[in-house]
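Q: Not my notes, these are from TrEMBL:
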- B:15-32: transmembrane segment (TRANSMEM)
- B:44-67: transmembrane segment (TRANSMEM)
- B:73-90: transmembrane segment (TRANSMEM)
- B:97-118: transmembrane segment (TRANSMEM)
- B:124-145: transmembrane segment (TRANSMEM)
- B:166-190: transmembrane segment (TRANSMEM)
- B:221-243: transmembrane segment (TRANSMEM)
- B:255-288: transmembrane segment (TRANSMEM)
- B:300-321: transmembrane segment (TRANSMEM)
Amino acid sequence: MTEHILRMSGITKTFPGVKALQDVNLSVRRGEIHAICGENGAGKSTLMKVLSGVYPYGEYEGEILFEGERCEFGSIRDSERAGIVIIHQELALSPQLSIAENVFLGNERAKRGLIDWNRTNYEAAELMRRVGLDENPTTAIADIGVGKQQLVEIAKALAKEVKLLILDEPTAALNDDDSAHLLDLLRGLRDEGITCVIISHKLNEVTAIADSVTIIRDGRTIETLDMAKDHVTEDRIIAGMVGRALDNRFPPHEPTIGGEALRIEDWTVYSPSQPGRKVVDGASLTLRRGEIVGLAGLMGAGRTELAMSVFGRTYGVNISGKIFKDGKPVEIRNVQDAIRHGLAYATEDRKRYGLNLIEDIKRNISAAGLQGLAKRGWVNEYEEYKVAEEFHKSMNIKAPSVDSVVGKLSGGNQQKVVLSKWILTEPDVLILDEPTRGIDVGAKYEIYTIINRLADEGKAVLVISSELPELLGLCDRVYTLSEGRITGEVPRREATQERLMHLMTKGQE
Amino acid sequence: MSTLTLGRGRVPAKYLPVLVTGCLFVAMFAAGGIRYEGFASGQVVLNVFIDNAFLLVVAIGLTFVILTGGIDLSVGSVVALSTMIAAALMEGPGWPPYLVIPLVLAVGSGLGLVMGYVVHAFDIQPFIVTLAGMFLARGLCYTIGTDSIPIADPAFTVFAQTRIDLFADLWISPSVVIAVVVVLVAAYVLHYTRFGRTVYAAGGNEQSALLMGLPVGRTKIAVYTISGFCSALGGLLLSFYMLSGYGLHAVGMELDAIAAVVIGGTLLTGGSGFLLGTVLGVLVLGLIQTIISFEGTLLSWWTKIFIGMLLFVFIVLQRLFSGGSRR
């Protein structure tokens, strides 16, 4: 018996153009709860995908030793056979099947090729008791809440005789009671000898439950700490997580800040899929003309949900709160209202929500602002072409012509098309959700320049970003969001990565 | 495969399917002309128009629906229902055509409106909604009558027998004129109006269209209404052509119409395609029938075999084109 159940050493994983992991080392002791912490995009999930065989042996460099043996997993099946089970943030359950069927999915209790239903339900009930799930095994997954679904996932892992259980953000979608129950369960599993690796943004949970923690930043291992020996606190973890290199350059910008453009007061949004869960909780914020404001928050903090619920209630139910435009209260019930009141929202997922990929550049640019190019329903194609040409030049969209299909452009140029589209609607307030995600460094600089220009034209810009250096380099003021609540408002000169991260990880008191 | 280089000019990928269909039509016509005596005349092409004017009108309506990413299976049944209503009202109570025609068009549009509303309001797959509409309309035919009802109204018979002479012995029927007008109006609406743009945007990426504040729901209801209207108009053209109303008219026509639209290069997933393509698709289908009748020895179901093969080829082609632009 070795002391370490898992040793990953020198793991390097490259995607075209990006080094996602660089010489990462991870050692997990037998029977402990080991937390992995890092900012969004630090490489935590990639590392777990390497471990579980999602990226098969050969697609990465480095060595994995599990139970003292070298592992070369070609698929998830291989890693599961060895006793490593990963539970992803997006649960992999089949909603119409029963709990019992899901527990034994791909691992069916069968006799001569036929499913033994008695045994399936009986053994499922056993496993459900172990994880503290009080439901009938024949209940459909769709009929139980997310907290219980999480327990089904763990029961499923136990059915596979798991030795190392990996949980990616297990409590991100859970309410407080469910989270507490889950953490208790993990402690119980540890006492049964099951080793757990937990990826979490909630540092209070990490300090409460983990025996040791490994911090990853920019695809590298920063340090591994023993919680008890090193007296690890939340601040200690934050100090390791931040300090990402400021390698992005930012165009210089002197803001001319004017009057209030948009104010949101006491904004509360409930989840459409989990009744009763507040995704945004009493958030208030103010945007002023000519100002670039950042919104920082970790995955699941409710940033996109806040933005989309404000932008014509495109997310959420039971939305309450007030919106003031130029100091006057306004009612925004749908996207048309939002556009009419001068709001624009560029989504974080360009390909799915932002563009019509099979259409050309000019028609994508004109789509939202077609009103201005049409008279009584008839589109002025000449105007449309002219406008598109202007954006083609002014935004420096790299494409042979405005007739080029948008799906063929690079990420940066697609983003310029999205921005052009919204600028054409002549908004006063632009909400840009992850405006530089998946864009190379050169194009990022161009996007920053465009954002500065928009602010100089007197527009208010709200930038949502996972990259703290970007917020620090670009924004005049930054709000932090944690678990749906605004936990802080930091002006540029006072903003540091540590300060923001501290506010971003602030849990509920 | 984004562009095809032809000489010095480059053809954007989106025109490629239409171009392929156009070339196919020309090639078929040329082959027919070489093989059969009397084939290579303008009248052969015009006859294809004359014999398929109703299919063309129906396929135009269906093109709107397919461009939004939907489907309308009810078109054939609505055509039959339209012939039945027209024949029954004129032959029974002796209603005049100027009352019957607007009523038929209103019934067809109304059916489309209801189906469109159900698709939008309850977020149900159009396949199943229009399948229900298909059974409903077909069934309604038989509540009017189980037998064929002849039409003897003078206005209809005159319309059916009129020839519009063009130059050099060529002629067309009034139905062709109506079909061409429908094509032009539809092409104009699709290409030059905000409504038309919304049709493409909703079919290309419904989520993004919604997040841009485009009236996606209203547009969806409208395209099914248009399809219903076109089916009713197609039904009237068919009753001019057949001079009868019958519950067994236009059986399976929805599939011919879908085939024509797809062969015309419109993506079944929506967002890409042209009305000109649909016109060419109908012409290609019609020309296959003509060739087979010229061949004489071949039975008519060879038409189906050719259509089947063509559909395969076109769907594979579309996959290749769209595969390149969707990554």
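Glycine is no exception: its Cβ is also placed from the backbone N, Cα and C atoms.
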Q: Which sequence-distant residues neighbour the transmembrane segment (B:300-321)? Criterion: at least 6 residues beyond either end, Cβ under 8 Å.
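A: Sequence-distant neighbours of the transmembrane segment (B:300-321): 1, 13, 16-17, 20-21, 24, 256, 259, 262-263, 265, 267-268, 284-285, 288-289, 292-293.
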Q: Three or more CB pairs closer than 8 Å, sequence separation of 6 or more: does that hold for the transmembrane segment (B:124-145) against the transmembrane segment (B:73-90)?
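A: Contact between the transmembrane segment (B:124-145) and the transmembrane segment (B:73-90): present.
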Q: Using a Cβ cut-off under 8 Å, which residues of the same chain at least 6 positions beyond either end of the transmembrane segment (B:44-67) come close to it?
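A: Hits for the transmembrane segment (B:44-67): 29, 32, 75-76, 79, 126, 166, 170-173, 175-176, 178-179, 182-183, 186, 190, 199-200, 203, 223-224, 226-231, 233-235, 237-238, 241, 253-254, 256-258, 260-262, 264, 266-268, 270-273, 275, 278-279, 281-283, 285-287, 289-290.
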Q: Which stretch from B:97-118, B:221-243, B:255-288 shares the most C-beta pairs under 8 Å with the transmembrane segment (B:73-90)?
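A: Between the candidates B:97-118, B:221-243, B:255-288, the best contact partner of the transmembrane segment (B:73-90) is B:221-243.
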Q: Given pairs 6 or more apart, does the transmembrane segment (B:221-243) have at least three Cβ pairs under 8 Å with the transmembrane segment (B:166-190)?
A: yes
Q: Same-chain Cβ contacts of the transmembrane segment (B:97-118) under 8 Å, 6 or more residues past its ends?
A: 72, 74, 78, 81-82, 85-86, 89-90, 124, 126, 129-130, 133, 136-137, 153, 155-156, 220-233, 235-236
Q: Using Cβ atoms and a strict cutoff of less than 8 Å, what residues sit near the transmembrane segment (B:166-190) while being 6 or more residues removed from its termini?
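A: Tertiary neighbours of the transmembrane segment (B:166-190) are 42-43, 46, 49-50, 53-54, 56-57, 60, 63-64, 67, 159-160, 196, 199-200, 230, 233, 237, 240-241, 274-276, 279.
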